[in-house]
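Here's what TrEMBL has on this protein:
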{"type": "TRANSMEM", "residues": "6-24", "note": "transmembrane segment"}
{"type": "TRANSMEM", "residues": "69-88", "note": "transmembrane segment"}
{"type": "TRANSMEM", "residues": "100-121", "note": "transmembrane segment"}
{"type": "TRANSMEM", "residues": "142-161", "note": "transmembrane segment"}
{"type": "TRANSMEM", "residues": "173-191", "note": "transmembrane segment"}
{"type": "TRANSMEM", "residues": "230-246", "note": "transmembrane segment"}
{"type": "TRANSMEM", "residues": "252-273", "note": "transmembrane segment"}
{"type": "TRANSMEM", "residues": "285-303", "note": "transmembrane segment"}
Amino acid sequence: MISDFLIYSSIINIFVVLLLSPFFDGFTRKVRALIQSRVGPPPLQSYYDIIKLMGKEDLKSTINPLFRLSPYLSVVSIAVACLLIPITGLTPPLNFWGDIFLFIYIITVVGIAIIITASASENPFAYIGASRKMMLHLSVEPILAIALITGAINAGSFKIGDIVTWYHASGPNVSMLLATVCVFLSLQALIGKIPFDISEAEQEIAEGVLIELSGPKYACVKWANMSRQVLFCLVFTQIFIPWPLLENSLLNTGIALIKVSIIIFISTLIEALNPRLRIDQALKYNLTLAIFSLTSIFLALLGV
């Protein structure tokens, strides 16, 4: 029988990651506009955009079934991944041995789904965007995987809930502090914001991976990108900064939202004040950070 905790926490996780993500996106658009001395759109504009796109005609630029199905796969993957992150307490809705590997796999699927969509569209700009996105994913996602494995070594468990429980009780050590810093420095690349939005780059390749999308497919990919931003921010705040934590699950959810809002605000400042990097600059940055993050695993093996 499905437990009440699983139902309750799953509803909260999906609400925060999927349903609130357009609000956070509207928040970033508003903050970015204020920084640039503009009025900007209303905070709920991203909801309006998704609803509008859902009602638009779905133009099919190719008969490839991957082009039609991949956008929906990206949203479903985000929905499953969010159930592996603890928001209401120390334990996520789905908590089992090895869930850390499932999470790494699912977030990889999210990126691959968008890459497949672009590759199947047969548009040269989409091809360029897909190749850039693939290179970025291969260079940045190992950083998060290494940080999670560092936590697993310290906690002696490959369950995300056990990692958070250990870290919350034991406090930071050198290896986890190093892993936390590496994840923070890679967060802008993980969520695909400037200066790492190279796969879309409106001024260069006309949104690249998104160029052939329209209607509901375009809405799903935009929604998945918004939700991915919230998901990765939650990974950072809930796994690598799991404090403070109270007995009340609703208060814990409120604290999580506050922490995510702060991280998104910092991300928006970086986005508004920095130019886009070239692909070679982004790869050099990510690969340097990935090599540096390997140190955290060695320190964890030494018990430091």
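Cβ coordinates come from backbone N, Cα and C, glycine included.
It should be emphasised that the depicted structure is a prediction, and the values quoted were computed from it without experimental measurement.
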Which bits of the chain, at least 6 residues beyond where the transmembrane segment (6-24) starts or stops, bring a Cβ under 8 A of a Cβ in it? 43-44, 46-47, 49-50, 75, 78-79, 82-83, 85, 87-89, 91-94, 223, 226-227, 229-231, 234, 249, 253, 256-257, 260-261, 264
Cβ under 8 Å to the transmembrane segment (69-88), counting only same-chain residues 6 or more beyond its ends: which ones? 8-10, 12-14, 16-18, 94, 99, 102-103, 106-107, 109-110, 113-114, 116-117, 120, 160-161, 164, 213, 216-218, 220-221, 223-224, 227-228, 231, 234-235, 238-239, 242, 249-250, 252-253, 256
Are there 3 or more C-beta pairs under 8 Å linking the transmembrane segment (230-246) with the transmembrane segment (285-303), counting only pairs at least 6 apart in sequence? no
Per the Cβ filter (under 8 Å) with a sequence gap of at least 6 from its ends, the transmembrane segment (230-246) is approached by 16-17, 20-21, 24, 78, 81-82, 85-87, 89-90, 107, 144, 147-148, 151, 160, 163-164, 167-168, 176, 179-180, 183-184, 187, 190-191, 252, 255-256, 259-260, 263-264, 267
Quickly jot the same-chain residues contacting the transmembrane segment (252-273) by Cβ under 8 Å, restricted to those at least six beyond its ends, or write none. 12, 16, 20, 24, 27-28, 31-32, 35-36, 87-89, 187-188, 191, 193-195, 229-230, 233-234, 236-238, 241, 244-246
